[in-house]
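Here is the structure we will look at.
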Ligand SMILES: C[S@@+](CC[C@H](N)C(=O)[O-])C[C@H]1O[C@@H](n2cnc3c(N)ncnc32)[C@H](O)[C@@H]1O
């Protein structure tokens, strides 16, 4: 059914997220088909991201009036959560209660009275820290143990600015925290036509850490569609991008053509060795994505406590392939958009124990540092994603 109001559309999208969809993709797709004014589009985004980023806290505030929310139809549960999100973000009663009563009247008329009563009774209450941050308990425990406290996690629940990487010189954009990174402050545009690529600066930094020179050969492992490859190719490097996912690579090929950049794509499972080597190798490994909760707020409720160890084991295996593909004297960068001990430092320790021919190479990090060890964890502050980077130098001379 077509939604006629921003609230109706937000409700429909959240039901799709609950069935396993990804908020960002669903929102982009739905909004691209509508000619609604910018204000309404922005409100749908505010509702969908807000409800997901604060889900545990919203359920906490609804709990006194709804001891068994699972007994309600999902449409009504989400309408209540969205109404509670508008309350939490400061909308006055007269502007937020009756619109939700009307939405619910259209689908479950018998429950409109309940929605009215619950949304009018919400009162401020002190929530435990992990509930306030709307994070799973297992992750709060792991983060407190590893990072000391959870203050950094507040960054995940703030609205995200849109950063773009300029792949050719641009004018008139506000600079971001890294060279070539800018803020995009208007409505979404045909970015490739402008020589721009939406990309978080924390992701761009993984590519910058390679310090690839013009004409230098670079292997971009787990390159996906090639976001990092585009930046490297724009610097004049000769980039070969490997990934398992041919569909993603096809999308990358199309974007590279639009950007006028040359990237060679090769499809391969990187648990198997490569048949080529290079002096610069980037492994942007598949991970839990615990650093990307701002842009992918639903992810935090889907992850399980055993996922970091499972992903770390895969990363270690992919790092073996990357190590063999690094020429003596060359640089290998291992990066993940995750903030867990297992991925990151855990992988770094296990890898270095087995590979004395590699040494961690210190680097200056221009982004806010959350924790340093063999590598660096970047804090998800100011719209940045959380990331881990390890820069390794191969120090043996074996051919
Ligand atoms: C973090 S994403 C990469 C994002 C990409 N580097 C970018 O900047 O856009 C991880 C990628 O690893 C790929 N991947 C997962 N397992 C793999 C495997 N065994 N071999 C090769 N690629 C794999 C996924 O398809 C995904 O594209």
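In case you wondered, yes, glycine gets a Cβ from its N, Cα and C as well.
Note that TrEMBL annotation is computational and uncurated.
Because the structure is a prediction, the values reported are computed rather than measured.
Taken straight from TrEMBL:
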- 337: active site, nucleophile (ACT_SITE)
- 243, 284: S-adenosyl-L-methionine binding site (BINDING)
- 119-395: domain 'SAM-dependent MTase RsmB/NOP-type' (DOMAIN)
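All features noted in TrEMBL, drawn onto the structure.
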| residue | record | Cβ contacts under 8 Å, 6 or more apart |
| --- | --- | --- |
| 243 | S-adenosyl-L-methionine binding site | 222, 223, 224, 249, 265, 267, 268, 270 |
| 284 | S-adenosyl-L-methionine binding site | 203, 206, 220, 221, 222, 223, 224, 228, 335, 336 |
| 337 | active site, nucleophile | 202, 203, 287, 289, 291, 292, 385, 386, 387 |
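Mean per-residue pLDDT, taken over the domain 'SAM-dependent MTase RsmB/NOP-type' (119-395), amounts to 97.
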